[in-house]
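Reviewing the structure listed below.
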Amino acid sequence: MTSAAEDTRSTKSGAGVTHKPISSNNNNTTTAAAANAAATPGNRSSDPESSSSSSSLAADDDDAVLAARMGYKSEFKREFRSLSTISFAFSIMGLVSSVATTFNSPFTLGGPASAVWTWFMGSIFNFTLGVAIGELVSAYPSCGGLYSASGMLVPRRYRARVAWFTGYLNFTGQLAGIAGTCYGLSQMIWAYVYVVGLYAALMVIFALINCLGTKTLARLTSSYVFINLGSTIALIIIVLARTPRAEIHTAAYTFGEIQSISGWDSRALNFLFGLYCVQFVMTDYDATAHISEEVHRAAIAAPVAIIVAVGGTGLVGWILAIVLVLVSGNILDVLAADPVNTPLTWPGGLVFAQILLERGGRVAFLVLWPFICSVAAFVVITAVQANARSAYAMARDRALPSIFLKVSKRFGTTINAIILVTVGCILLGLLAFASYFAVTAVFALAALGMDLSYLVPILCRQIFQDHPEVQFQPGPFTLGRGWFGRIVNWIAIIWTLFECIVLCIPTTRPITAQYFNYSWVIALGVVVLSGIWYAVYAHKVYSGPRAALTSEQLAKLGVVVEGDHVAAGAGAGGRRPSVFLREDLEKKEQDVKEIKE
């Protein structure tokens, strides 16, 4: 804490933003100078002792100020460093295991060319989406992720409704992603008849791991990226080395052959069905945002981790797709001859596993498969953590019951929210009793729900960023306000709309109740049911993302209350946060007291 004199100097030398003193009717006596100095991370004492303080302490101070600018009081310890954050971002996609459980779709519905080129196309466009998300995460590094950002990027009258529907789409999409990955892992471990029981047991185990606390999770997460990428690279080398040159497919077959057992006559549509794989793998970008209140220098570390993970997963995944097609042998021909009555020798019919078994050999399969399964386990562990933090953020804003707001004092984690996520995933897994295509809908729902929730804040930013009630200010990571940033964001918007339409189309004809694509039905059901809940009751208590700090606490961190709004003091680069209504602060005063108790 700087002295009064230093406060005065820092006010004059700040980012050029001057605030009026808080009015006396707010029961606040903090001066504008003190508030501005406290809010500016760069305004630290020039005293030698202060300068020699640890960088981790400085990072904690900056992170606390950033959280306060959004009106939030972080309840978590910041245990995630750069490596563990990047590893977390890689792990949430789980390249090799996610490809293992979804490679059937592009390979059988579109053929070799679909498996290769939809991955390439999806990687390029998903990278623009990842960059656009990274910008928002840098500006709003809170565990609410894009749910919180969506409410801050629209005028006041739209804030509650936009954030409400975005939050529930994102939460449901995350549930589906966890359910799909865990179901795939169960399928990888055991035959179909035992899958559902094993699935439920695994969900309970992963929930218990998530209850260990942030420090333990951060240490575990640091190793995930090496196992993930290591398993992928080892698999590529082994199958290429052990496949006879005469049995490797030609470039014409690999990059140009379109075959399908879908029943659709359109070659273009069959080709686009390959997006099921890449879109399921490359989603949940904002998971890193959901742990941003546990990350050092989250405004920088979180977006960098997202972009590195999206770029790395896209590149390595494309190479993996090419290699799998090159060494696939006659598997596709066997399936095309009798797609219904020709199960693969691997339980559950995983094309990926069949290729590894045939080309790598039994020994290589038995060595690599446990590592691939462990990657799937890492995906579920990290995804449960991210979704539980999302539930916590929604409960903090009263979009969910306050019971999910509780943070365990012993473990420093949201145990009640973890239980909510686990139960929700188990219920989704019961769709396996309906049909195989019902399970496929869960995979599609994961990409559909999350991508739609990403679309909302990105679109809102482009429309309302200069609105007087929004005044969007980017974080340390930004593409700027020029033509380049706008082009990237609009490409991400158009791409997301396009791939969401594709993911809603039934993948098999004739279209019957058994073969129908229920993903859009579930997504629409979530919107309708959450809308009914909001109209009947929630609108009385929910007003969108709200400040979790008292007006006194906000003032100490440089947040100034004037009139109807709460504005933050200047930050690094002169950043200003989105505004919070005074009524939000008043509603949250009692909540903060209860949390402290």
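A Cβ is built for glycine as well, from the same backbone N, Cα and C atoms used for every other residue.
Since we're looking at a predicted model, the values are computed, not measured.
TrEMBL has this to say about the protein:
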- 1-10: compositional bias 'Basic and acidic residues' (COMPBIAS)
- 25-40: compositional bias 'Low complexity' (COMPBIAS)
- 48-58: compositional bias 'Low complexity' (COMPBIAS)
- 1-58: region 'Disordered' (REGION)
- 83-104: transmembrane segment (TRANSMEM)
- 116-141: transmembrane segment (TRANSMEM)
- 162-186: transmembrane segment (TRANSMEM)
- 192-212: transmembrane segment (TRANSMEM)
- 224-241: transmembrane segment (TRANSMEM)
- 299-327: transmembrane segment (TRANSMEM)
- 363-384: transmembrane segment (TRANSMEM)
- 415-448: transmembrane segment (TRANSMEM)
- 487-505: transmembrane segment (TRANSMEM)
- 517-536: transmembrane segment (TRANSMEM)
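Note on the transmembrane segment (83-104): residues 115, 180-181, 183-185, 187-188, 218-219, 221-226, 228-229, 231-232, 235, 276-277, 280-284, 287-288, 291, 295, 301-302, 304-306, 308-310, 312-313, 316-317, 320-321, 324, 349-353, 372-373, 375-376, 378-379, 381-383, 386, 443 of its chain, located 6 or more positions outside it, place their CB under 8 angstroms from a CB of the stretch.
When Cβ distances are compared across the two stretches, the transmembrane segment (224-241) makes no contact with the transmembrane segment (487-505), since fewer than 3 pairs at least 6 residues apart fall below 8 angstroms.
Cβ atoms under 8 Å from those of the transmembrane segment (116-141) belong to residues 63, 66-67, 70, 106, 110, 148-149, 152-153, 254-255, 271-272, 274-275, 277-279, 282, 285-286, 288-289, 292-293, 295, 298-300, 302-304, 306-307, 309-311, 313-315, 317-318, 321-322, 325, 451, 454, 457-458, 461, 472-479, 485, 488-489, 491-492, 495-496, 499, 575, 578 of the same chain, restricted to positions at least 6 beyond its ends.
Here the transmembrane segment (517-536) has Cβ contacts under 8 Å with residues 161, 164-165, 168-169, 172, 176, 437-438, 440-442, 444-445, 448-449, 452, 503-507, 542 of the same chain, all six or more residues outside its ends. Remote same-chain residues near the transmembrane segment (363-384) are listed as 88, 91-98, 100-101, 174, 177-178, 181-182, 184-185, 188-189, 202-203, 206-207, 209-210, 217, 220-221, 224, 227-228, 230-231, 234-235, 238, 242, 284, 287, 353, 356-357, 418, 421-422, 425 (criterion: CB distance under 8 Å, separation of at least six residues from the stretch ends). For the transmembrane segment (192-212), the partner stretch with the highest count of Cβ pairs under 8 angstroms, out of 162-186, 299-327, 415-448, is 415-448.
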